[in-house]
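Taken verbatim from Swiss-Prot:
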type     : residues : note
SIGNAL   : 1-21     : signal peptide
TRANSMEM : 27-47    : transmembrane segment
TRANSMEM : 64-84    : transmembrane segment
TRANSMEM : 96-116   : transmembrane segment
TRANSMEM : 119-139  : transmembrane segment
TRANSMEM : 159-179  : transmembrane segment
TRANSMEM : 181-201  : transmembrane segment
TRANSMEM : 202-222  : transmembrane segment
Amino acid sequence: MVGWGVLILLMVLWLPRQAYAMHIMEGYLPLGWCLFWAALCLPALILGTRSLQKQVGDNLRMKLVLALSAAFAFVLSALKLPSVTGSSSHPTGVGLGAVLFGPMAMSVVGCIILLFQALLLAHGGITTLGANTFSMAVVGPTVSYVVFRIFQKSGFGRGVAVFLAAALGDLSTYLTTSLQLALAFPAPIGGVASSFWKFASIFAVTQVPLAVSEGLLTVIMVNWVMKYSPEVLSRAMNLPEEGHHEA
């Protein structure tokens, strides 16, 4: 685990200090919308806190896997790639935690990640924390969890279910962000729908391949956790320790 910590620290130090990626930056949304999205996040954060206490408790191995999931999401969501018109896109990394601990637990982890990124990396913002939390830490993990359960129960291998969960969770985050921006800034002609299409197309060029890449990375991480501590993965995913699906 020490090696992973050193790697993550080096990646964080390498990250650019000015980021205007898929996180909505400070001061960009009107105050009313900031309060609206923050209010929508509160139920998920309350339920998520209870979920984490119930799942993790004093179990050291569960704490390590939770920390790994948080570090994975922090590093991936802090990376940025140039998109069209001067914007940028990035992975979210929340699929791993959503699969292992559920969407409500990941809402708390994601909110903390976004807060640290806003304070340390100028990535996102404090006033827009609610909006960014709703898209990346509420909607994204929820979609990832639902997709994973559907494909898992449909008899697909663990690898396929995890890949689709992470990739579609990533895409749902960027679609939610596009909707948030469209609602706040409707186009003079075409209104919210036209504005949504504009914002979504800005992200789509880079976000689709990023979602595929994130899906593959998440599968690798799940397989690594399975080798490191299969009982933790089985418990987190509510699977029996024997007879689980293989990738």
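Cβ atoms are placed via backbone N, Cα and C, with glycine included.
Keep in mind it's a predicted model, so treat the numbers as computed, not measured.
The transmembrane segment (27-47) makes no contact with the transmembrane segment (202-222), as judged by fewer than three Cβ pairs under 8 Å among residues 6 or more apart in sequence. Per-stretch counts of Cβ pairs under 8 Å to the transmembrane segment (159-179) identify 119-139 as the leading one among 64-84, 96-116, 119-139.
With a cut-off of 8 Å between Cβ atoms, the residues of this chain six or more beyond the transmembrane segment (119-139) that come close are 15-19, 21-29, 31, 33-41, 44-45, 77-78, 92, 94, 103, 106-111, 113, 172-174, 176-177, 180.
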